[in-house]
Amino acid sequence: MEPDLGGSAAQPPESDPPAAAALVFGDRLDVARRYYDALATAGVERGLIGPREVPRLWDRHILNCAVVAELMPESATVVDVGSGAGLPGIPLAIARPDLRITLVEPLLRRTAFLSEFIDAAGLDITVVRGRAEHSGVIKEAGGADVVTSRAVAPLAKLAQWSLPLLRDHGRMLALKGASVAEELDRDAETLERLGAGKFEVLECGVGIVATPTVVFSAELLPRGERPSRHREKKPRRQAGAPGGRGGVAGKVRRRGKSER
């Protein structure tokens, strides 16, 4: 029997999944629909999702996260920090059952919701209660291929939480908004000091969802591949000059269907 996530008889509001959901989730669309139902009922009742977000759960939350699956290597180990109601980790697990996903979340009411839904839906996801920067969490969940996060902190802070959980050459993927270029300009030196490099700003879900998901990507460089801090500083590039720190130069790379 499926557990009662909300502890009440509340029924989810009617909302048929958009056509894009069938493209993203395929034969696992029913599982995605169950996740929508859980967010719209228990998620609201427990304060994990604001009531005003319910009408846009599919587009702004579930699909917004799921399309990031196109960046994931096959059978990758993925750690989702500050997972909250399971975004983006649960949509990724539904869209890509080959991924080995761990959700890291410090609050008990959230981890309880996550564990109950995961058990009810039969998903192969690990839930770790704790803060991403704590040594116990790093010991349990570290060495990941990918660490994801969504709208939880500025890039510099996300890097402090995410990079210690990665293997060398693993990728930090932060789901961000339109201000990511400004954040990168402000925080790039801090990211480099922490060992990050190969910065990119990507768009996922192009041609699938109405508003593509903006993702900041950085790679954890092994110590021997990191730029020396003692090298002579290069002159700052003038505004509008090509290139730039990490090769981003304020440009966004759009990923179409042919790239997946």
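In case you wondered, yes, glycine gets a Cβ from its N, Cα and C as well.
Copied over from Swiss-Prot, here are the features:
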- Gly82, Leu87, Ala132, Glu133, Arg150: S-adenosyl-L-methionine binding site (BINDING)
- 221-260: region 'Disordered' (REGION)
- 228-237: compositional bias 'Basic residues' (COMPBIAS)
- 251-260: compositional bias 'Basic residues' (COMPBIAS)
Binding residues Gly82, Leu87, Ala132, Glu133, Arg150 (S-adenosyl-L-methionine) - maximum C-alpha distance in whole Å: 19
Neighbourhood of Leu87 (S-adenosyl-L-methionine binding site) by C-beta distance under 8 A, where only residues 6 or more apart in the same chain count: His61, Ile62, Cys65, Arg150
Among Gly82, Ala132, Glu133, the most crowded of the binding-site residues [Cβ within 10 Å]: Ala132
Secondary structure of Arg150 (S-adenosyl-L-methionine binding site) (DSSP, helix/strand/coil): strand
